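Here's what TrEMBL has on this protein:
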DOMAIN    15-139  domain 'EXPERA'
DOMAIN    170-304  domain 'EXPERA'
TRANSMEM  12-36  transmembrane segment
TRANSMEM  56-81  transmembrane segment
TRANSMEM  93-113  transmembrane segment
TRANSMEM  125-144  transmembrane segment
TRANSMEM  165-187  transmembrane segment
TRANSMEM  220-240  transmembrane segment
Amino acid sequence: MSKVQVDGCYFSFFLCMFAVFAEFSFTCLVGLTNALEQDGFISGFMGFYIKMGEPHLTTAYALMMSYWEGIVHFILFLVIIHRMFSGKSYRSLGLLWAGSSIAHQIVHIPGVVIGKYGSNIRPAFWRNIPFFLAPFWAASLLFSRPREMQIITADKIAAEQKKSLLFRPIDLLLSLLLLGSMAFSVFRGFVVLDCSLDTCFTYIYQYEPYLKDPVGFPRVMMLVYLFYALPLLTVFIYGLKTPGCSWMLDWTIFVAGAMAQTQWCHIGASLHSRTPFTYRVPADKRLPVIALNALLAAAPALLALRCHTNPAYFMKPVPAGQSNSKKKEN
């Protein structure tokens, strides 16, 4: 491929990404406006649309989604667009947003359809479909782009990859944390599937009654964890045990964004005043419930941080003698 063709492909990719991020930046501000209005900080902006378009946006879970979208996503877009025009890499930030945005819609759309608002879906609701598909398209483009990372000498890579998991205490701790997250995801999946075990019954009524909220979002979220997050966490444990899994550098960021978004919404909605009192976390159980959910969000985030601060274990060997300060495309 000639240099002109390469430059043309890069320019097309740049324009596509810029268009996506610019459009989503606008929707972030709409979401933030909705959250602020529903919580009483402003008024007179969203009433007509809520009534005639998407009445489910008044629920506690939707408000938490709107806050996340209007603050976290908007900041990410500003940073990404700045880096795009500065000629700096934005691939990792893009993957973080893609994971978060996909998690947003993969809970949002099915939650509305199967929840109590499913019988009152208006045509405006289906505008979410393009916003569901666009992050998948963006993620596929970002995953296909080359990754920038430091060149690390072959000796250092070999030394790191010779260590077993038992001699890497941070990785061992992360593996245990991932195992705990997997167990918790399986348990809550059984809970929302109406498991008859006494433990499940006790948990849903005494710890997280929000899981049976008829809005549908918590049930869909637990099933997403059971069928999607669980296999990914399993693969991450394999990546911590097996050297040279360079895909860990991308997928940990993607999953960290997804689980941070869903856990923020879940924790916030289970405590928010718009959730009926009977479905809120009991006051005397808030500390353990919030701690467990915070750890579930922290596990993939800490793993992504570990992978990017010291990536030698996950890299393929390079010729010895190269400088650590140089950059290469992996």
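Including glycine, each Cβ sits where the backbone N, Cα and C put it.
Same-chain residues lying 6+ beyond the ends of the transmembrane segment (165-187) with a Cβ under 8 Å from its Cβ atoms: 199-200, 203, 222, 225-226, 229-230, 233-234, 236-237, 240-241, 292, 295-296, 298-300, 302-303, 306, 313. Helix, strand and coil residue tallies for the domain 'EXPERA' (170-304), in that order: 110 helix, 0 strand, 25 coil [DSSP]. In terms of DSSP secondary structure, the domain 'EXPERA' (15-139) contains 105 helix, 0 strand, 20 coil.
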